[in-house]
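Trainee: Just passing along the structure, written as structure tokens.
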Amino acid sequence: MSNRYSVYSSHSAAFSTGGRAPQAGGQVSTTTLLNALHAHYTTGQPYQLDAGTSLVVNTLLTATQSSPEGHTGPTIDHELAVRAWEHARRRAEDGCIVLCSAHHSAPSILEPFLAALPLSTPSIAFTALAALRPFLTAVTTFNPSYSLYSALSACYNLTLKGDITGLSLALSTSGINVRKGFLDIPSEPGYRAFDVFYYLLTSASTPAEREFLDLRDASSYALLRKSGTYTPPSYLPTADDAAAAEDFRSALKAIGIKGASQRGLLSVLAGLLKLGNAAGFLVDQEDLEEACEDVGGLLGIDPEVLLHKCSTDDREVLISGIYEALVDWVIGKANEAIASQLQASLDDSSRGSGQAAQWTDDDTVSITVVDLPRPALGKAVAMRGIFDDTLGINAEMKDDGVVVPPAGPAVLNDMTAAIAQVEVDLGITTGPTWREREYELDKKHEVLEKVGLEVEMDSFLRQILFTAESEGITLGKKGRFDLATTLGSSRVWHHISIHPTDDLPENLSPGVPTAAWSAGAVSRQLREWRLAEWANRRLKQIDFTADFDIEEFIGRYFRLGCGEGKDGVENWLVERGWINGDAVVGHQRIWVRENAWWEAETMLDLKPEEPPAASPFMYGGGMLDPGVPHYAVPPIAESTSLLGSRDNLLNRQSTLVPSVAGGAKSIAPSAPHTLHTGGDYGLGTKGDDKKYDSHPYYDDEGRYLGELDPEYADPKHIEKKEITLGRRIWTGFVWALTFWIPSFVLRFVGRMKRPDVRMAWREKLVLVFLILLFNAIVCFYIIAFGNLLCPNKDKVWNEKEVSYHQGNNDFYVSIHGKVYDISKFWKIQHSDTSIETTTSNMEPFMGENLDAYFPPPLTRLCGDFVTDESITLRNNDTNAVLYSNAKHSCGPLQQTDPNTALHKITWYEDVFLPKIDEYYKGSLVWKRSEVSKQADSSSRYWVIKDESIYDLTDYFYTLKQMNNIDSYNFLPSSITELFKNYPGTDVTDKWPNSENATKAQTCLDYVFYKGKVDFRDSARCQVNNYILLAFTCLICAVILVKFLAALQLGSKRRPAPQDKFVICLVPAYTEGEDSLRKGLDSLTALQYDNKRKLIYVICDGMIVGGGNDRPTPKIVLDILGVDPKIDPPALPFKSIGQGSDQLNYGKVYSGLYEYEGNVVPYIVVVKVGKESEQSKSKPGNRGKRDSQIQIMNFLNRVHHRAPMSPLELEIFHQINNVIGVDPELYEYCLMVDADTSVREDSLNRLVAACANDARIAGICGETSLQNEERSWWTMIQVYEYYISHHLSKAFESLFGSVTCLPGCFCMYRLRTADKGRPLIISDKVIKEYADNDVDTLHKKNLLSLGEDRYLTTLMTKHFPTMSYKFIPDAYASTAAPETFSVLLSQRRRWINSTVHNLVELAALKDLCGFCCFSMRFVVLVDLLGTIILPATCVYLGYLIYSVASGGPIPIISIAILAGVYGLQAIIFIVKRQWQHIGWMIIYICAYPIYSFVLPMYSFWKQDDFSWGNTRVVLGEKGNKRVVAVEDEPFDPRSIPLQRWDDYALANNLPGRRGDYNMSQEKFYGGQYGDMGMEMDDMHSQYSSVKPASTILTGFPGAGRNGSPYMPPQSPAPFGGNTPGNRHSHLSSFSRYTDMPLQPGHQSRNLSVGNLSQFQDPSNRHSVGLMQSTDNLLGVPRPNSRSPVGGYTSRPQSAFDFRGSGGPDEMAITDAIRSCLAEVDLDTVTKKQVRALVEQRLQATLTGDKRAFLDRQIDQELANM
């Protein structure tokens, strides 16, 4: 007996679907089947062949249609799925549904069929199949997604109630056909390898990933290029590898293959591709070694193993084995994900019911859905199960006495033949194919084990090869299912797919999906599968779908009246009327057809349930132990310890101070500090475990390298906005030019789903068209327009120009008014006499007029007038023939030698003229003035007729020499008289119109023609030159002025130390640790009073940059030495964004940073994002512009004393109370990129320049490269950086209008020096710069690409009377892009932002100057210069080609180029920057890249943005813009606002600036007396934890003369057993010192909390030298208000804020001696020494100490 059943189930469903009645009882033929199938096909219905078999007809087109029942997808039999499920749960019988394909073009129906099962299939299962499909399918000509596995199963485990408890996917033991899918794809078009390889190579791969995996074009891989097909079929309109690749990666991520696992998987796939290049016997040894080297790096294998231990066959076997192992591993991960989701759902359901799920193996059955894509295997399985009576259920029926009529011999022969083709897949071990398979498997195991043991231990490849180290290679054994065993142990249901035609999918008509029908094709499939015989056999005799033991049957149906024993069963069957084969009683079993079984089951379901009797067949389903009730564990209450919050503003609402929003209740989260709980610094765990989290998430350009989260289509609401007239005009213009491109083409072909993206593309297209048109116009005007005005000007030469061509390969001569290039002729031996053609013989004729050397025979060319061959003309010029042997006179009288060709009188016209015409270049021309001049001065008889020049000088000379003999006077007198009377003039009008004159014309043309009049001096030929000359002069003037502006010959000035307070803003994004450390160290080491500079770092989101192993904020905090245990609260603030993205959260850290003896306070703001962002890829990230806006907003509210957000209040508290400087004192903001290093004296120089000129609102210095020799791409940027500063910016600085203050190194004044009016922190600048509606192409380029340049533009717009300067003495260095891809990305941003910003600048009203002497003119010149860069490159290429092809040398163009680069060279030569000579040469070599490649790429990529989905522009019409906005808008109430004074009063904080009657703050004593207190007693309400790095490390005076007793300190960055290296909540409050601690107590990163005893502000002015130490820097706080507030003037940083008396006389003397010992006393001045001393002391001496300094300098000099 078979083991396909266990016992029957007593659990019945409340309903049943009931099967359809079988087909008519008549004989079934192929014709009837064909007709029935066609009818069902046209209606999209399945056809039930028998109770256990269904036929469906599907094509690629119908697989995407909706059926009449509303099902989307291919036609499938849902009832078959329900029947199989009902049988499994009611009969406790394992079932197997076999999905067969009768045609290789039939689409796969596995996923739709799984969805049709009446089971809650977990969604992750379909995701897993989506992840698995690319590994298993490939494009073929007959099927665009053909499965290349033998069998794939989805095995469900069910309870006896029919509920799912498990699901797993598995391949059969036959595995995958890797040879057909990868190793040996057909070498004909239309075939591809497995889809996964093309997904790997698609653009979905990030640049960093492509570089790491060395991914190339598909044609670079030997195994992929066999067919030459690399893209999906064109007949699939939605097929796109890039989109599919994104879905594929998302699916991998969903099933747990992400991070290191996904990188390992991709590395293996890339390695297999490269290993394919090493497969084959014709591979070159060098290519083989290179491929093995690459593969070794990707797979973690020693290349020598692949090269020497593996043969070619071994490498192919290795590819196949690794690929199958990889697929098995993916299936394993998929099954883990499915099991996890199922377990979670079971846990949820058990908790919801209060009862634990308790199932055993005996309580479950299985349904296995097996997909057999190969028609051969499906046919063999089906025919064997139906027609083979020797095994399976057929054999059971025969053994039980059921009459099973044998199949016909023809059918059996077909079955046997079908089985023989696939006997290996069916587990038949007797044939030769089985032995071959076993040999291949053994070989595969041998190779895999040989290579696998050489693989690195921790590599991904070893993980997939050795799934269990103790078991060795288990490929093909573990995780697979045996097809024969599954079929033999289950009740089998067949679902067969028919294809209606043999036509290829590309020939199907998409208009009518069901139109494809070929009776012949369908009939062939029916006959091959013997479906007519199948139906007749099953329907008439053995269509039984249920069978029972007799006792089992009685036990199940006794409630329906079934009697005991076999007789009782037979009687009951007769009573039911089941006598015509509906049920058959065998020897041991009862066999029941589907309709009879359903009838009995339905009656059983309707029968009232009776108390179950004790029966061996009944399960005690209700006897299970009751579940223990579960109680939800309440969440742990928030800590109220010292680290907990005490008074949270967000919870308190407006209890203390009325809310700005009118007392509206805040909707912000009540516990913002819960964000990023855990991990270092409270920023989450990303990057904390470096061993397992070393993957770079972002590269240097901020492009995401990891898996991308899917973009969810959130619900939106629609709003309308007004658009400007200019925008409406521009939109209309764009549509007028692009109307011919339908939107649906952009949507479906261009994959631009959103209207705003399509509109941006149209705008980009129009802009590119206009730019190209303008470039084309420029090129046309310069190159071609002159030729149109003056055609053939380059095809004429005068005598002087001909004489220039005297080279061996540039041999020009003129003969009888025509110019010839005989460079290819003169070297040939063209004389038939003894004269040899040598260089020395020919050189005298280069560039000469050879009229006299080729005299025309008069009798041939003037035959109407000369008949005597002896008549010849003599030359008036005696020097005309200097080499007589070169004269080519022809005729028997002239050449008596009959052997020479010149002997013939016809030589001139027959030989010479045809040959010389081959080298004709153009006409010889003469200026009219020259013709007239020679006629007057040289008595030359020549005239002009019809622009041609004829010369009779030799004619009259010969006539005179021959005494006027009539035979020599052969020309008509009417013509000769004109030459005598009007020499040198135009005689066209006087020319006789006679017959003789007409005859004489031929003679004149051949004998007396001298050329044409030079037309190049005419107005139409000269006007274009003069216009170009005018533009040239204008450009040269601009270049000259720029040169003079840059030519600063003065010595470098050394300004006195400045005392202004400066914020050094450092926005950090994805920079590496080395760059960040270098940048922070450079700011710390600036030669500027450390107390008056603040390093303000803003980390833009939790992002891991390329090459980093931790998020950027954690790297910054690591460098600054912040204690990782610090976890400040996440506080809300308003960011730049759309909708709810405007709400952001940030954390604030503060402290002191020490470097080389300089101790500088810092503030770090980390943008961490909302709670809902934490699962996204870049939580908190809003861009650099948002970082700048954050500090600008903060300083604006400080200036206006306006209400602040919680984050700004915390920043104010940290700066004001912890660091000890009133934020209102800061006057400048130095903006420095995180990877930029600033030279020590740069800040002082910038501040000094601003102090000397109060009109300066912004200033920048020179930026050079740190990595100039790193690669070719950095080398070509060195000179560009240098000259752009010293030429362009220096020139613009003359006008006080530098158009771009680079964000990497510039400084802005915060407010005016006179009246304190806000500048960069003004409302109008912030409002425009913080624009959220960045929804047009122009705004995107301004605000998303060029925010730094646009900020300068806004400053120029709103403060046109202020100056924006460049000073070359301030110097910084930054890292330039080192690869071409990064350079492309950077220049795309720069060039496009430059163009759009210059357009904005050109429209400003108040630019200085007028006409051509205005800044507007310079801006327009720069704009045009940027736009026509490609035209410039094309023109230079044209010049090079023109000169190389023998054209005239463009003297003016060369002079301009020489002038441009010569003047530039003077600049760096004067500055003694000799190295720039080499850099200039490299730059010139790269000019095509800068002037053509980069601009053209940039112009076309103007719309290349990340378009957010929170604000989608749906369209523009009229003066309205329709915008879809997220349903979750930004509510300002989510960010409560409060004034600092109100906040400080409510929290008992010092530093209030108003006249509040503040209560005396509490004092706390301790073991350190009144010098120490708990930090928790002195924090803002947000700093509910101990402030980051704000614990003091010493008592007052803890510098050189500090107290010997030191309290506990914050941990030093490198730990150790140094004193103070333990954590404490106690701090001692001392005055700030910028000197390092004593040895033994020194820490690189000091703490800041120099808090003091609190004093009432009204008494602070009386403190004197013993002033309050309630702040870090000891800055006295005036109690007066600023002009904005209403009392006295704003506190200025010119006051002496040092508090103590400063350095004593001994320190001053020591500094003087040190400085004098280091300087050249012969050249140094007293003023310079004084400046050096003050710089060394880090203090500005005034009063008595200044006088002491002067006296002591004199005394020390006297003593030397």
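Note that Cβ sites are derived from N, Cα and C of the backbone, with glycine treated the same way.
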Trainee: Of ASN507, ASN1645, which does Swiss-Prot mark as N-linked glycosylation site?
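Mentor: Annotated as N-linked glycosylation site in Swiss-Prot: ASN1645.
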Trainee: Under Swiss-Prot, the annotation region 'Disordered' belongs to which of these stretches: 64-85, 680-701, 1648-1669, 1670-1691?
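Mentor: Per Swiss-Prot, the stretch marked region 'Disordered' is 1670-1691.
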Trainee: If you check Swiss-Prot for N-linked glycosylation site, which of ASN157, ASN1601 comes up?
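Mentor: That would be ASN157, per the N-linked glycosylation site annotation in Swiss-Prot.
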Trainee: For a three-state summary based on DSSP, what are the helix, strand and coil counts in the domain 'DEK-C' (1702-1758)?
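Mentor: Helix, strand and coil residues of the domain 'DEK-C' (1702-1758) number 42 helix, 0 strand, 15 coil.
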Trainee: For the domain 'DEK-C' (1702-1758), what's the model's average pLDDT?
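Mentor: Per the prediction, mean pLDDT sits at 84 for the domain 'DEK-C' (1702-1758).
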Trainee: Counting only residues 6 or more past its boundaries, what in the same chain has a CB within less than 8 Å of a CB in the transmembrane segment (729-749)?
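Mentor: Cβ under 8 Å, 6 or more out: 237-238, 723, 755, 758-759, 761-763, 765-766, 769, 1516.
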Trainee: To see if you understand the setup: which same-chain residues, six or more apart in sequence, place their Cβ under 8 Å from that of ASN996 (N-linked glycosylation site)?
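Mentor: In sequence order, the residues whose Cβ lies under 8 Å from that of ASN996 (N-linked glycosylation site) (at least 6 apart) are PRO972, SER974, ILE975.
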Trainee: Have the transmembrane segment (1449-1469) and the transmembrane segment (765-785) got at least three CB pairs under 8 Å, pairs 6 or more apart in sequence?
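Mentor: Per Cβ check, the transmembrane segment (1449-1469) does not touch the transmembrane segment (765-785).
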Trainee: If you count the other Cβ atoms within 10 Å of each Cβ, which of the glycosylation sites ASN157, ASN876, ASN1392 comes out on top?
Mentor: ASN1392
Trainee: Roughly how many Å separate the Cα of ASN157 (N-linked glycosylation site) from that of ASN1392 (N-linked glycosylation site), to the nearest whole number?
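Mentor: Approximately 60 Å lies between the Cα of ASN157 (N-linked glycosylation site) and that of ASN1392 (N-linked glycosylation site).
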Trainee: Residue list, the transmembrane segment (1477-1497) vs rest of chain: Cβ under 8 Å, 6 or more residues beyond ends.
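Mentor: Sequence-remote neighbours of the transmembrane segment (1477-1497) are 1268, 1275-1276, 1278-1280, 1282, 1383-1384, 1387-1388, 1391, 1426, 1429-1430, 1432-1434, 1436-1437, 1461, 1464-1465, 1468-1469.
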Trainee: Should anything in the same chain at least six residues away from the transmembrane segment (765-785) have a Cβ under 8 Å from its Cβ atoms, list it; otherwise answer none.
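Mentor: Hits for the transmembrane segment (765-785): 733-734, 737-738, 741, 1024, 1028, 1337, 1427-1428, 1430-1431, 1434-1435, 1438, 1499-1500, 1502.
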Trainee: Between the Cα atoms of ASN1392 (N-linked glycosylation site) and ASN876 (N-linked glycosylation site), find the distance and write it as a whole number of Å.
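Mentor: Approximately 69 Å lies between the Cα of ASN1392 (N-linked glycosylation site) and that of ASN876 (N-linked glycosylation site).
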Trainee: Helix, strand or coil: which one is ASN996 (N-linked glycosylation site) in, per DSSP?
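Mentor: Helix, per DSSP.
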